[in-house]
Structures are given as C-alpha cells and as structure tokens.
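This report refers to the structure that appears directly beneath it.
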Amino acid sequence: RFIAKPCAINLGIQDSGPHRAQPNAILEKVFTSITKSPDGKRLEGLSKQLDWDVRKIQRWFRHRRNQDKPTTLTKFCESMWRFTFYLSIFFYGIRFLWTAPWFWDTRQCWYNYPFQPLTSRLYYYYILELAFYWSLMFSQFTDIKRKDFLIMFVHHLATIGLITFSYMNNMVRVGTLVLCLHDASDFLLEAAKLANYAKYQRLCDAFFMLFGVVFIVTRLGIYPFWILNTTLFESWELIGPYPSWWLFNGLLITLQILHIIWSYLIVRTAYKALVRGKVSKDDRSDVESSSEEEDATSNSTKGVFSTSSNGSNRINGHVASGQWTEGE
C-alpha cells in the first residue's frame, strides 16, 4: 500500500481492470446461480430467449468471468511483496550459511545427529520460511485459480511438511540447504513479472531467461547431486536408516518430480520464445480473450510475459506453467 502502489503508479501502471460485461439480468442470474461456462445446449436456449447470437453470449460470459480478476496494479503490488521477501530471505540464508560448516561439507549435516544445537539465527530462518509458505497455502484458494493449482497445492504441502518434519526431527541443517536452494531462483521470476507489468519487455525477457537458467541448474543439478545425495546416501552411511528416513526422502523426491515438470515447461516456453521471438499465451491463465480477433491482435504484441489489455495471469511464487504472461 505505501511502497509498491506508489512505485506502480510512478511506472504508469493504472488501477483499471478488464472490460466489464454489458449488464443483463438473465445472463447474470445464469452466471451467479447456474454456471459460469454454459454448454452448447444452454447457449442455444439463451440465444433464443434473448434473441442474441451465440457468439455474443459466449463473449459476454468471457467478459463476466474476467471482470472479477485483479488489476495489473494489484498483481504488481503482490509480486513486489514476493520479490522483496524472496530476495531478502535468500540473502539472509546465504549470509547465514556462508559460515556454516555443513554448507561446504554436507556430511556435517549428520555428524552428532540428533544432538545439534539450534541457534537463534537458524530458528528465525526456519520460522520465517514456514510462515511464508503457510501464507502461500492459504492465499492459493483466494488467488486466481490456475491450471497448475493441484501441482502448486502438492508443492506447498510437501514444502510445509518438510520444514515442519525437519524441524521436529532436528534435521535443520540439511533443511536450511533445501530452503536456500529453492529461494535462489524465485526472486528472479518475480522480477520478471514486475518488469512485465511495467511494460519493460526486454528486461522482462532477460529476467525470465536468467530465471530459467538458475532454476534448471539449481533444481536439476545442485538439488539431486548435492541435497538428495546427502539425504539418501550420506545420512544412511553416517546414522543409518532412521525410522522416518523413508518419509523424509519421499517428500524430497516429490519436490524433485515437481522440479522436472516445471523445468520442462520452462524449457518449452524458452524454446517457443526463441523460435517465434515471442510467446503467445500463458497456458496457466484463466483469463480469456473476448474474441478470436482480440486473441490475434494481442498475440502480435506479447513477449515472454504478455501484457494484453484483458489482464491475464498469475504465478504462486514458483514457476509452474508452460508459457508465462501477465497472470502473475
């Protein structure tokens, strides 16, 4: 309210939403009481009742669904908040771990386990991360519903489960490595979205490409060969198969599966951007164009993150879609 909104206004971002649907009592009643996406049979009935063309009714429902979406200003403020958090917590984690022995030698995560001291800096790092991911879990139900809703829901559950489980079992050393590694790319995605909302397309594309590189290197390279290696093999060697070993590693492997899915989607987006020069649409976005003509027009002006006037998209702190647009 006091920082992000003034910044957005100075960048020329207006607090205006999508085009509002033409007032119609009959269609509004159907929309609120029956269905927001009528099938062909219902569309034919409404066409006869209103003496409207079916295409016009479809366009009305698109506009009506879109008009409740948050404005670009709202999305900019939310992304700025997430960018601030991710950047701050990442540098806090790096500064804290730089002097930690287990950052340089992962076997230190298991020496003298479970009798390892919990310092105040480590404690606050954990509590801040846990609180933030709980906030993402709750806000997911009030944010725009994306096609990757289930994937993100599983991701948040796995993350919260890992943070809580590792804290309860005093596996906080390896836990800090997982947290810091995941924070390394998230702030770059939010930076790309901020540039997109401000219509700095080249800057947006550069941040997105950098985000993709960092994401793939950390999630498909460092994570399995550094994190999973110590939790699967070094822990087994040093402390043996403790009772919760399977659950702990099961959650970590679940995250790795999600990393593979998201990396594929990022690569596909980057490939399309390189081949076409532009990415046409966010596969995750629930905001629709009001007509095929609008789609054709907007597609000619979109980059890696689109900035179409109908106000598409949104991401939940993590990349999880095949193509990115303004929806986050």
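Our numbering is plain: 1 for the first residue shown, then up by one each step along the chain.
The backbone N, Cα and C atoms fix where each Cβ goes, and this holds for glycine too.
All annotation found in TrEMBL is predicted automatically rather than curated by experts.
These features come from TrEMBL:
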DOMAIN    27-71  domain 'Homeobox'
DNA_BIND  29-72  DNA-binding region
DOMAIN    74-275  domain 'TLC'
TRANSMEM  83-103  transmembrane segment
TRANSMEM  123-142  transmembrane segment
TRANSMEM  207-226  transmembrane segment
TRANSMEM  246-267  transmembrane segment
REGION    282-328  region 'Disordered'
COMPBIAS  301-315  compositional bias 'Polar residues'
Same-chain residue ranges lying at least 6 outside the transmembrane segment (207-226) that approach it to Cβ under 8 Å:
106, 177-178, 181-182, 184-185, 188-189, 191-192, 195, 255-256, 259-260, 262-263, 266-267, 269-270, 304-305, 319, 324
For the domain 'TLC' (74-275), what's the model's average pLDDT?
89
Summarise the DNA-binding region (29-72) as counts of helix, strand and coil residues per DSSP.
30 helix, 0 strand, 14 coil
